[in-house]
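Trainee: Here's a structure for you.
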Amino acid sequence: MIIKPKFKGFICTTAHPDGCAASVNEQIDYVKKQPHVDGPKHVLVIGASTGYGLASRIVSTFNCGAATIGVFFEKPPGGNKTATAGWYNSAAFEENAIDAGYYAKSINGDAFSTDIKNRVIDLIKKDWGSVDLVVYSLASPRRTHPVSGETLVSSIKPIGESFTSKNIDFHKELVSDITVAPATDDEVRQAVGVMGGEDWEMWVQALQDGNVLAKEATVISYSYIGPEVTHPIYRDGTIGKAKESLESSAQKINGLLHKDGGRAFISVNKAVVTQASTAIPGMSLYMSLLFKVMKEKGLHEHCIEQIYRLFHTQLYGTTPTLDAKDRIRLDDWEMKPEVQQTVKKLWEQTSTENLTAISAVDEYRNDFFRLFGFGFAGVDYEKDIPSLKKIPSINE
Ligand code: NAD
C-alpha cells in the first residue's frame with residue numbers, strides 16, 4: 001500500500017507506519033541525550049499512544065529506564081484502511097523498548113470502562129506487584145459512563161454567550177472569523193463528565209482497592225490555561241469547566257494517597273499540536289503565532305521536551321514548584337509576559353495577507369502532518385509498504 005495523507009480540516013484518516021516510527025525514534029533519541037533522571041521504575045500511562053501520554057511513556061523508559069504499561073484507544077489496520085497513528089506509534093514504542101531490553105505492554109480499549117481498569121490491575125498484579133507512577137493523559141470526545149451507561153459528549157463551546165474569534169484554515173493559509181454558539185447547561189455537564197476528574201478518581205480508587213499502588217506513588221494529569229484570547233472558548237468554556245473539575249480531583253486524590261506518602265499533581269502544560277488541540281477553534285492561529293515567537297526567543301518545546309522537563313525539574317530528585325492553586329506550571333515559558341505581549345500584538349494584526357510572514361503557520365501544518373507520520377526526512381513515502389503492523393504485546 002502506498003500511504004498518502006487523506007485529510008479534511010483537522011482530521012487525517014490515514015497514518016504512515018514508517019513515519020510514526022520515525023516520530024517515536026526522534027523522541028527516543030532526544031530523551032536518551034538528556035541527563036538521566038532517577039525516576040519511576042513501574043509506570044502506567046493512561047492515554048499512552050499520542051501527544052503528552054506517549055511522551056510520558058518515552059521519557060519513563062528511555063530516560064528513566066522504567067517498565068511501562070500503556071492504555072489507549074486506537075484502531076488497528078484492517079482491509080484497505082491504515083491503523084490510527086497511535087497504533088503505529090505504540091508498535092514502534094514497544095519494538096524499541098523490547099529491543100533495548102525494557103518491559104512494555106499495552107492494552108487497547110476504553111479506559112473509561114470498568115473492564116479495562118480491571119485488566120490493567122490484573123496485569124500489574126501478575127507482572128509487577130505495584131506501580132509507582134500513574135500518568136492520566138486521556139483526551140476524548142466522548143465517554144460511556146461505567147455506572148449509568150449514558151454516553152456523554154464533550155463539546156468545545158463557550159458558556160453564556162457566543163464567541164467569535166479569528167481562526168485559520170492552516171491548509172489554505174486563510175484567516176477568517178469563526179463564531180461558536182454557547183453551550184447549554186447539559187452540554188457543560190457532559191463535557192465535565194468526559195474530560196473532568198471523575199474517571200481519574202475512579203482509576204486511582206480502583207488501583208488503590210486492587211492494592212497495586214506502590215507506597216509513595218505519584219499520580220499526575222495534565223491541564224491547560226492559555227492566553228486571554230482563547231479564554232472564552234477554552235478556560236472559561238466547557239473544557240475549562242472540565243479542567244477545573246480535573247484540578248479539584250487532584251486535591252481529592254492527594255487525600256486518598258496521603259496515608260501512604262503518595263502525591264497527586266496537575267501539570268499545566270504548554271500548547272502543542274496534538275489530535276486533541278487541533279479541534280479547538282482559534283487555537284491553530286494562536287499556536288502558529290506562539291511557535292514563531294517562542295522559536296525566536298529560543299523557548300519553543302514539543303511534548304517530549306515538556307515532559308522531560310517535567311520529570312527532570314519537577315517530579316524527581318527535586319521539590320516541585322507549585323502555583324497558588326498547587327499546580328506545576330510547565331506553561332511558564334509560554335505565559336512569559338514578553339511572549340504573550342508579542343503574540344497578542346501579532347494576533348491583532350493577523351490577516352490572510354500577512355499570515356505566512358508573521359506566524360509559523362508552516363511549522364503548525366508540519367506538526368499536524370507529523371502527528372500522522374507524514375513529512376519525516378528519510379521516510380520513503382512513495383514506497384509500497386504493508387499497512388498491517390502488530391503491536392508486540394497485543395493480539396489483534
Ligand atoms: P492526544 O489526543 O494526543 O492523546 C489522547 C490519548 O488518549 C491517546 O492515547 C488516545 O488513544 C487516548 N484515548 C482517548 N480516548 C480514550 C479512551 N476512551 N480509552 C483509552 N484511551 C483513550 O491528546 P493530548 O493533547 O496529548 O492530551 C492529553 C492531555 O494533555 C489532556 O488532558 C489535555 O487536555 C492535556 N493538555 C494538552 C495540551 C495541548 O496543547 N495538546 C496542552 C496542555 C494540556
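In case you wondered, yes, glycine gets a Cβ from its N, Cα and C as well.
Curation does not apply to TrEMBL; its annotations are automatic.
As annotated in TrEMBL:
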- 47-52, 73-74, 110-111, 138-139, Lys243, 272-274: NAD(+) binding site (BINDING)
- Tyr224: substrate binding site (BINDING)
- 2-77: domain 'Trans-2-enoyl-CoA reductase-like NAD(P)H binding' (DOMAIN)
- 81-316: domain 'Trans-2-enoyl-CoA reductase catalytic' (DOMAIN)
- Glu74: site 'Plays an important role in discriminating NADH against NADPH' (SITE)
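I'd like to know what surrounds each of these features in this structure.
Mentor: Neighbours of Gly51 (NAD(+) binding site), defined as other CB atoms within 10 A of its CB across all chains, total 25.
Sequence-distant neighbours of Tyr224 (substrate binding site) (same chain, 6+ residues apart, CB-CB distance under 8 A): Tyr234, Arg235, Lys243, Val268, Asn269, Ala271, Asp331.
Using DSSP to sort the residues of the domain 'Trans-2-enoyl-CoA reductase-like NAD(P)H binding' (2-77) gives these counts of helix, strand and coil: 29 helix, 15 strand, 32 coil.
Around Glu74 (site 'Plays an important role in discriminating NADH against NADPH'), taking its Cβ as the centre, 23 other Cβ atoms fall within 10 Å, counting all chains.
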Trainee: Using a 10 angstroms cut-off on Cβ to Cβ distances, just flag whichever of Gly47, Phe73, Leu138 is the loneliest among these binding-site residues.
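Mentor: Phe73, out of the binding-site residues Gly47, Phe73, Leu138, has the fewest neighbouring Cβ atoms within 10 Å.
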Trainee: Around ligand 1, within a Cβ distance of under 6 Å, which of the binding-site residues Asp110, Lys243, Val273 show up?
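Mentor: By the Cβ criterion, which requires under 6 Å to ligand 1, the hits are Asp110.
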Trainee: Using a 10 Å radius around each Cβ and counting other Cβ atoms from all shown chains, which of the binding-site residues Ser49, Asp110, Lys243 yields the largest count?
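Mentor: Per the Cβ count, the most surrounded site is Ser49.
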